[in-house]
């Protein structure tokens with residue numbers, strides 16, 4: 001045991017002009033202070049304390065002195081021209097050394113800080129210092145410092161050495177043996193004179209009397225417990241668990257592919273099917289000619305009206321299937337700039353009932369090239385976006401390690417396991433699922449793409465008129481986006497805080513947007529947004545997210561402008577969707593002609609046909625969608641949520657869910673089937689998302705509050721003693737996104753044997 005000496009002094013004098021000076025001289029250091037002891041707060045406020053108690057730095061044992069012998073000189077002086085009384089008390093601390101797994105209770109105040117010694121046992125390499133208090137305030141600081149004298153144990157110098165955290169009711173610091181060559185350290189507890197650093201306000205009572213004495217009015221009862229942290233074997237188990245859990249998805253995919261291959265080979269040997277089945281192209285030598293029963297909502301137009309439109313597109317069918325390569329020099333503009341084609345678009349797309357053949361008239365090679373741009377562009381975006389992010393978070397982690405300021409990053413400190421220079425390796429490791437499952441999705445899409453290409457080479461060009469057009473560019477982009485979400489989420493969790501939360505959400509916006517685009521592209525392949533306009537829109541969203549981080553806290557003008565942009569963008573997009581991209585405000589050259597045209601369209605399409613719009617299904621979807629988006633705009637304008645990035649993400653997710661629900665409902669209304677695999681994926685998506693959201697809402701930290709307030713939400717690990725609730729959210733959300741992508745990939749496999757002029761558009 002190591003003994004320490006504590007010096008208590010008290011002076012009745014409150015005269016700041018003539019303080020009493022105390023100087024303590026030891027073997028290797030000098031400690032001095034004055035009474036009244038003055039602390040300074042915000043705006044030069046001062047707080048005076050007449051009672052001061054300090055622990056002297058314990059002397060090292062030497063052969064000349066026994067373990068309990070310490071020579072200490074205490075000098076007392078004052079320049080006061082009158083007598084000043086003081087009290088001096090020197091005591092020996094019996095419980096100066098903390099023990100493992102044993103709680104110790106004590107009291108501290110701004111003028112009476114405390115610190116204790118801890119020595120690593122031989123079999124422990126890492127410990128967690130847990131500090132709790134029943135009271136939120138006064139605000140305190142917990143510091144871990146090396147065995148060096150003097151010990152920095154006052155408010156103005158506690159941040160000069162070691163690692164430190166601010167604290168209200170709870171704090172936790174992980175300490176590793178390798179960081180302390182002497183295998184021992186001091187745990188220092190300092191009470192701050194003001195509470196603003198912990199989210200509290202400055203007491204109003206000090207405004208009247210700035211220099212009044214505080215003494216014991218800011219005491220805090222604390223309890224410290226030092227417990228062993230996890231061993232290295234737990235790190236190995238956690239890594240094996242993380243990789244094996246998601247590699248099992250690879251095994252499941254191989255099993256499904258093998259079973260599918262065996263089933264197809266058996267049917268092919270029986271002569272019932274072509275060598276390819278259910279992999280993205282029609283499978284029968286004699287495809288079914290109709291799937292929409294008579295009398296359904298899409299049976300109002302007979303086959304001739306749709307097939308007539310189909311015959312208009314015959315020039316694009318001229319290349320044989322074997323020439324389906326990306327080397328074509330033809331551009332989409334070759335078709336779109338012809339006046340007769342523009343007229344044809346107006347005739348086809350403004351029909352009351354549309355079929356897929358009406359919106360899949362362009363050359364398949366050119367459209368496929370158009371959608372592959374999504375893939376190449378997102379790779380470029382990912383590289384240019386991720387590299388500065390990685391550099392920035394490395395800088396953040398370096399600053400934390402060098403300064404020791406653990407208030408910079410908002411970890412769950414009760415479950416933050418360091419590895420190397422990383423402070424919370426478990427939060428980074430749990431993102432491996434996004435990368436592994438994103439890569440697996442790319443492999444699944446690649447398999448479908450290869451099988452589709454081979455099947456196209458074997459079939460006659462006229463069989464291209466069956467099933468949903470297969471364009472895989474958006475699927476590839478979705479896979480890359482899922483992988484990058486894992487990378488950027490890991491970067492965010494290197495040092496999670498308010499400034500870099502946008503890194504965690506940027507590719508979430510892109511995932512939600514790409515899913516909506518893919519869902520729309522399925523039955524609108526000719527009129528979907530180009531990659532350039534889509535990514536430009538995502539760039540605008542990310543710019544708004546950055547502005548929201550900077551100005552969204554308290555600036556009302558930002559929320560007014562953002563809400564207006566949100567509502568106008570919703571209306572503009574709704575107009576384009578309702579009219580299939582054929583709405584144009586044209587007219588006379590004067591501006592009045594434009595407004596007259598807009599008023600006429602509003603009157604004829606909205607007022608006159610209010611009871612029965614021309615496109616009822618689209619109108620219902622767009623009305624509900626606009627109500628949802630306007631509700632978001634009003635909510636943001638009224639409440640102004642601080643977490644602006646999550647607010648925008650909520651808008652994207654709600655719109656995606658709304659459109660997916662509409663798509664599935666319309667699919668069932670059209671008497672289309674949902675095959676077992678997409679049905680399983682839908683159920684798995686719903687179940688896994690429900691479980692993931694449960695863990696997501698288990699808030700373990702919050703950068704919307706001060707670091708000390710955020711630590712009140714910290715909780716221990718729940719999985720393998722290594723992962724916390726948020727890590728489980730990472731695991732489950734990766735699986736949920738993977739299943740969601742599979743839903744979009746397989747949802748329309750039932751249409752592979754259906755003529756496109758029998759597939760309705762919605």
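Cβ atoms here come from the backbone N, Cα and C positions, even for glycine.
Automated prediction, rather than curation, is the source of TrEMBL annotations.
For 281-295, the entry in TrEMBL reads compositional bias 'Polar residues'.
Marked as compositional bias 'Acidic residues' by TrEMBL: 327-336.
The annotation region 'Disordered' is assigned in TrEMBL to 272-336.
Counting residues 6+ beyond its ends, the transmembrane segment (238-262) has Cβ neighbours under 8 Å at 277-279, 426, 429-430, 432-433, 436-437, 440, 443-444, 447, 677, 720, 722-723, 731, 734-735, 738 in the same chain. Summarising the annotation, TrEMBL assigns transmembrane segment to 238-262 (among others).
Counting only same-chain residues 6+ beyond the ends of the transmembrane segment (374-394), those with a CB under 8 A from a CB of the stretch are 473-474, 476-477, 480-481, 484, 487-488, 491-492, 494-495, 500, 503, 506-507, 510, 514, 531-532, 534-535. Annotation source TrEMBL lists transmembrane segment at 374-394 (among others).
For the transmembrane segment (428-446), the residues of the chain that approach it from at least six positions outside its boundaries are 238-239, 242-243, 245-247, 249-250, 253, 422, 472, 475-476, 478-487, 489-490, 493-494, 723, 726-728, 730-731, 733-735, 737-738, 741-742, 745, judged by C-beta separation under 8 angstroms. For 428-446 (among others), the entry in TrEMBL reads transmembrane segment.
Listed by sequence, the residues of this chain that lie at least six past the ends of the transmembrane segment (474-495) yet keep a Cβ under 8 A from its Cβ atoms are 371-372, 374-375, 377-379, 382, 385-386, 389-390, 393-394, 396-397, 400, 408-409, 422-424, 427-428, 431-435, 437-439, 441-442, 445, 501, 503-504, 506-508, 510-511, 514-515, 517-518, 521, 730, 734, 737-738, 741, 744-745. Per TrEMBL, the feature transmembrane segment maps to 474-495 (among others).
Residues annotated as transmembrane segment in TrEMBL: 501-520 (among others).
Sequence-remote contacts of a segment are chain residues at least 6 beyond its ends whose Cβ falls under 8 Å from one of its Cβ atoms, and for the transmembrane segment (532-551) they are 373-374, 377-378, 381, 498-499, 501-502, 505-506, 509-510, 513-514, 517, 558, 562, 565, 644-645, 647-648. The transmembrane segment feature in TrEMBL is assigned to 532-551 (among others).
The transmembrane segment annotation in TrEMBL covers 557-579 (among others).
The annotation transmembrane segment is assigned in TrEMBL to 619-638 (among others).
The annotation transmembrane segment is assigned in TrEMBL to 644-665 (among others).
Positions annotated as transmembrane segment by TrEMBL: 677-697 (among others). Counting same-chain residues at least six beyond the ends of the transmembrane segment (677-697), those with a Cβ under 8 angstroms from any Cβ of the stretch are 256, 664, 725-726, 728-729, 732-733, 735-736, 739-740, 742-743, 746-747, 749.
Per TrEMBL, transmembrane segment is recorded for 728-747 (among others).
Ranking 501-520, 557-579, 619-638, 644-665 by CB pairs under 8 A with the transmembrane segment (728-747) puts 501-520 at the top. Beyond the transmembrane segment (501-520), the same-chain residues lying 6 or more positions past its ends with a Cβ under 8 Å from any Cβ of the stretch are 374, 378, 382, 385, 389, 393, 474-475, 477-478, 481-482, 484-485, 488-489, 491-493, 528-529, 534, 537-538, 541-542, 545-546, 549, 577, 643, 645-646, 648-649, 652-653, 655-656, 659-660, 663, 703, 737, 740-741, 744.
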